[in-house]
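Trainee: According to TrEMBL, the protein has these features:
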type    : residues                  : note
BINDING : 247-251, 287-294, 385-387 : FAD binding site
DOMAIN  : 3-131                     : domain 'Photolyase/cryptochrome alpha/beta'
SITE    : Trp318                    : site 'Electron transfer via tryptophanyl radical'
SITE    : Trp372                    : site 'Electron transfer via tryptophanyl radical'
SITE    : Trp395                    : site 'Electron transfer via tryptophanyl radical'
Amino acid sequence: MAHVCIHWFRKGLRLHDNAALMAALKDCKELYPVFILDPYLHHTQVGINRQRFLIGALKDLDCSLGKLNSRLFVLKGKPEDVFPKLFNMWNVTKLTYEYDTEPYSLRRDEKVASLAKEHGVDVIYKISHTLYNIERIIEENNGKPPLTYKRLQAIVQNLGPPKKPIPAPTLENMRDVKTPHSEKYEDKYRIPTLEELQLDSKFLGEELFPGGEQEALRRLDEHMKRTGWVCSFEKPQTSPNSLSPSTTVLSPYVTFGCLSARTFWWRLTEVYRGRKHSDPPVSLHGQLLWREFFYTCSVGIPNFNKMNQNPVCTQVDWDTNQRNLAAWREARTGFPFIDAIMTQLRQEGWIHHLARHAVACFLTRGDLWISWEEGQKVFEDLLLDGDWALNAGNWQWLSASAFFHQFFRVYSPIAFGKKTDKNGDYIKKYLPLLKKFPSQYIYEPWKAPRSVQQAAGCIVGKDYPNPIVQHEQISKKNIQRMKEAYAKRSSDNNESPIKKQGITGIYISAGLYLLHLNSQLQ
């Protein structure tokens, strides 16, 4: 039987290493590559940089499909509403897609698969967003998620290396496959503009990280040519406030699936072969395994993106302070290092992993005592590489709610940035209002004499805010509050069946703390 097939693009916005797309082409006479702008995932609150990246990725994908005499069909709406209409209109007999482990995605896919069955449509999905089958990792760990990085390493070592990526389809693969074209399709299923998504593009800055598979592969090639840098890469040694990224910035491309994680893995393997190189957890292979670790935790731990009813998460009496939350989100804390980072995030959609550490600690246990769930929401919207599993895992880590338990180690919003940027060039770039301050005051402008502030053209308290808190005092108070939350957790766990199941083992040794560094391949 020759099928009429929809291949449903979601995260895997690429042609290379796309097993589900290749499954679509098998015994296929008509192919409809579809992308659905789901209001749950692509709502208007999502940051404009992230939306621009997505549109760029879709345009690139449409262009690549065009070279195969096909095209991308973009629709808006809930998938469970959209698909029954498409099944009927195009007489579809097969639906393919890449497997997605997020809770919303699993519920969505279950609904769509049920509707497909009602319409006599075969459903095929393939695993290619992660290095391994996450369920297999859990199965190998006696049905529980491995709660330490070392344990994950041991499991995947037994499983062997990830599968090798498969090539992109060619014109030969498409020889007997047609994608129907008509003039009415051109406008009806085209990729929308930012304005059509109700986003104002006139304030957008330069697009430093254009979306799309071709850009992802170009950047990968560029980095892999730097063999010495790749082999010696150790993530803790990179700088949070360099004026240009000190890491690969391939994370957005992996998040959207413009770059296959397996392709990245095997390209690194080629570079490493026969050369001395760094090892996990600090190497680039190590960063891909951190990603796998948090994906596995997100599948195996209930309510992973919440504090309540999350069995590995310390229950903390976070404050609800909308004024302080807004000041953090809008770069008005009065701490230039923190505000510069949040400004870069809003302007560019990307910040270094150590910069993420600094602002996450500041929002939560370090200074403002606001729940990590609030920070998680902001990052999810503004980061180009905002990934549900990694975002939730890292916020729990940095708030010392799970995974990391040395809550008394607090990032200073002043001293930390000075380590790698004494002159404050990073602050001057993202907070030009402060650029005339002498370097001795750039991290603490409120300490500058009035005459210095006047000479700099910026009066603290008028042109730039005073510090929102007194760091030295509040951080000590918050350490005590965290100590109390931990004591309560220990007390609760004494009676808890969770302890018997080994969940408390998730509090990994402190030695890994500085090695972890966000696991998002930035």
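Here the Cβ of each residue, glycine as well, is placed from N, Cα and C on the backbone.
Remember, predicted model here, so these are calculated numbers, not experimental data.
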Trainee: For each of the binding-site residues (Thr247, Ser251), count the other CB atoms lying within 10 A of its CB, then report the residue with the highest count.
Mentor: Ser251
Trainee: Using DSSP, tally how many residues of the domain 'Photolyase/cryptochrome alpha/beta' (3-131) sit in helix, strand and coil.
Mentor: 54 helix, 31 strand, 44 coil
Trainee: In Å, rounded, how far does the Cα of Trp290 (FAD binding site) sit from the Cα of Trp395 (site 'Electron transfer via tryptophanyl radical')?
Mentor: 14
Trainee: What is the interatomic distance between the Cα atoms of Gly386 (FAD binding site) and Trp395 (site 'Electron transfer via tryptophanyl radical'), given in whole Å?
Mentor: 12
Trainee: Which one is it: of the recorded sites Trp318, Trp372, Trp395, whose Cα lies the shortest distance from the Cα of Leu288 (FAD binding site)?
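Mentor: Nearest by Cα distance to Leu288 (FAD binding site): Trp395.
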Trainee: Name the residues of the same chain, 6+ apart in sequence, whose Cβ is under 8 Å from the Cβ of Trp318 (site 'Electron transfer via tryptophanyl radical')?
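Mentor: Counting only residues 6 or more apart in sequence, the Cβ neighbours of Trp318 (site 'Electron transfer via tryptophanyl radical') under 8 Å are Met307, Thr364, Trp369, Ile370, Ser371, Trp372.
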Trainee: Within 10 Å of the Cβ of Val249 (FAD binding site), how many other Cβ atoms can be counted across all chains shown?
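Mentor: Its Cβ has 20 other Cβ atoms within 10 Å.
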Trainee: Counting across all protein chains shown, how many other Cβ atoms sit within 10 Å of the Cβ of Leu288 (FAD binding site)?
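Mentor: Other Cβ atoms within 10 Å of Leu288 (FAD binding site): 22.
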Trainee: Between Phe294 (FAD binding site) and Trp395 (site 'Electron transfer via tryptophanyl radical'), what is the CA-CA distance rounded to a whole number of Å?
Mentor: 11
Trainee: Hey, of the binding-site residues listed (Trp290, Phe294), which one tops the CB count within 10 A?
Mentor: Phe294
Trainee: Near the Cβ of Trp372 (site 'Electron transfer via tryptophanyl radical'), how many other Cβ atoms are there if near means within 10 Å?
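Mentor: Excluding its own Cβ, Trp372 (site 'Electron transfer via tryptophanyl radical') sees 28 Cβ atoms within 10 Å.
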Trainee: Taking the Cβ of Gly386 (FAD binding site) as the centre, count every other Cβ atom within 10 Å, in any protein chain shown.
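Mentor: Its Cβ has 22 other Cβ atoms within 10 Å.
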